[in-house]
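One structure is given below, encoded as structure tokens.
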Amino acid sequence: MAPSPPPGPSVLRAALLLLLLAAECALAALLPAREATQFLRPRQRRAYQVFEEAKQGHLERECVEELCSREEAREVFENDPETDYFYPRYLDCIHKYGSPYTKDPGFVTCVQNLPDQCTPNPCDKKGTQACQDLMGNFFCLCKAGWGGRLCDKDVNECSRENGGCLQICHNKPGSFHCACHSGFELSSDGRTCQDIDECAEAEACGEARCKNLPGSYSCLCDKGFAYSSQEKACRDVDECLQGRCEQVCVNSPGSYTCHCDGRGGLKLAQDMNTCEDILPCVPFSMAKSVKSLYLGRMFSGTPVIRLRYRRLQPTRLVAEFDFRTFDPEGVLLFAGGHQDGTWIMLALRAGRLELQLRYNGVGRITSSGPVINHGTWQTISVEELARSLVIKVNRDAVMKIAVAGDLFQPERGMFHLNLTVGGIPFHEEDLVQPINPRLDGCIRSWNWMNGEDTTIQETVKVNSKMQCFSVTERGSFYPGNGFAFYSLNYMRTPLDVGTESTWEIEVVAHIRPAADTGVLFALWAADLRAVPLSVALVDYHSTKKLKKQLVVLAVERVALALMEIKVCDGQEHVVTVSLREGEATLAVDGTRGQSEVSAAQLQERLATLERHLQSPVLTFAGGLPDVPVTSAPVTAFYRGCMTLEVNRRLLDLDEAAYKHGDITSHSCPTVEPAAA
């Protein structure tokens, strides 16, 4: 079949007319008549039309410069979502500003902004980095720290791992920053912290020591001081206000010391604050014999026994007893009448028996026999014969003296005789030759006038102070409850040729202590109630607050030197002290002690001591009088055996200005043997 012929020109014109009419009908509902006539005019095609239609249409050319249909808009966007978004709004722009052909700038702007979902920008200005136009949609690209569809929501970076901050994270709109605690600073990485060394600043603590700490610093003071932030200095802490001491507290710069009533038998306990009893640490054999009579109880020199005999017939004296002593001098017995009458006195002088007698106003002295003050028992007898006296030691006659009269003297029809033991009934100055009547001796198995003295034995049994220690040795015993004192002068005189110092104190003490605390030697200024010098046993180091057995040498309350001593070993120790201008030494058993003061402090203390020595001072042995407990490091009484040598002179307690009655001057009980 032959193909049908192509349509003729008349047919083509008719089809074109129908299309134009259809388009006109469509636009008639939307456009005014003037604009519709413009729309019906044929478009002017550009030379590059073929190339343009082959690629994506250009919005401005298709829909701004010219009026475009939906299909033409589809050619521009090449997708339905954007076309569906654009075209209804495009028609709104035409309705609002007129067709493209009116050339209204508002229309141009309105159409140009329609396909860009980011114009106007729907994203939050602060939080958005950029708005990305999508097909009928948009995407807000948020800045760091922002979130949400519109980038309008702050992201709290601190909520996750503290924002990467080492210490503090501070969130803020759209961002965050790291911070550090006080005492730290932010490192260059902006996240970690490094300590600030406040001590690098010289004035951080002023006078105190600065110690840097992580994030802080501390101002340190020595023990006993507290830091004052206002003054930037260390100030002494008055520990005494805190009630640390049980009895007496003395504050000192940086420290304090507690004191206990030593005279009351107390010392510091282990905690250095409370007090405890001073107890013996070495057992001495304190047993006494009820069948003995102690002659040294009365320091005044008055007799310990007084007997008075009266006879109707003339009678002769007979006396016998066992005797023991280490004392070289003292009165054994006296027999006779008053001081101007007839009497005899048997005594010791230089360890030998001495007989003083007075008959018819004529006095004589006789001394003979062996040295008997060696501490062993021996029998002594005195027997009055016709016109003579016989003195025997251990049954051997050592003296036989012719006398012109009888000791029993007639008075009012009877014969009288006074017999005293351990003293004389009048002052020693009234003797033929004065003697120190005090005698540290012991008698037993006595027989006065053929046994007519049974009451003495009964008296001794009920009074232990009249009894003797069962076993003794040479020395002086201090029981821990008394002292002795002397009046000695320590200033040199012009007669001391070749001496450089104006004063000197040298003390040598042989001690066998029974307790670890007590005064050995001390000087006392009575007018000032001060203790210029003391040497004592103490069981603690006051500044180190450490329990230790020591000998302390002190001027007033300041310790000059200390030396360790095994005070409770039951052995004899030798304590040596030497003081003079510019020098003070302490030694125990030949080992020199340690100085506790500087050279300047030593000179100041010695100057203080010298000022005291220029006034009267008393020398005390074994203790101190009633002084404040803070007057010296130790105020407790010494307990144990001791002999003292002062300035090369042996001190005899029988020659003291005062001695407590319980101190035995020349005998000391022995140390009990250790248990097996």
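Including glycine, each Cβ sits where the backbone N, Cα and C put it.
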- prompt: TrEMBL pairs Cys123 with one of Cys110, Cys140, Cys142 in a disulfide bond, so which one is it?
  reply: Cys140
Field: Mean per-residue pLDDT computed across the domain 'Gla' (46-92)
entry: 73
- prompt: Are there 3 or more C-beta pairs under 8 Å linking the domain 'Laminin G' (480-668) with the domain 'Laminin G' (296-468), counting only pairs at least 6 apart in sequence?
  reply: yes
Task: Give the residue counts of the domain 'EGF-like' (195-231) per reduced DSSP state, in the order helix, strand, coil.
output: 3 helix, 15 strand, 19 coil
Statement: The disulfide-bonded residues listed are Cys142, Cys151, Cys641, Cys668; by CA-CA distance, the one closest to Cys123 (disulfide bond) is Cys151
Task: For the disulfide-bonded residues Cys142, Cys641, work out the Cβ neighbour count at 10 Å and name the residue with the minimum.
output: Cys142
Message: Can you break down the domain 'EGF-like' (154-194) into helix, strand and coil residue counts using DSSP?
response: 7 helix, 16 strand, 18 coil
Distance from Cys151 (disulfide bond) back to Cys140 (disulfide bond), taken between C-alpha atoms, in Å: 6
Query: Hey, how far is Cys668 (disulfide bond) from Cys142 (disulfide bond), Cα to Cα, in Å?
result: 106
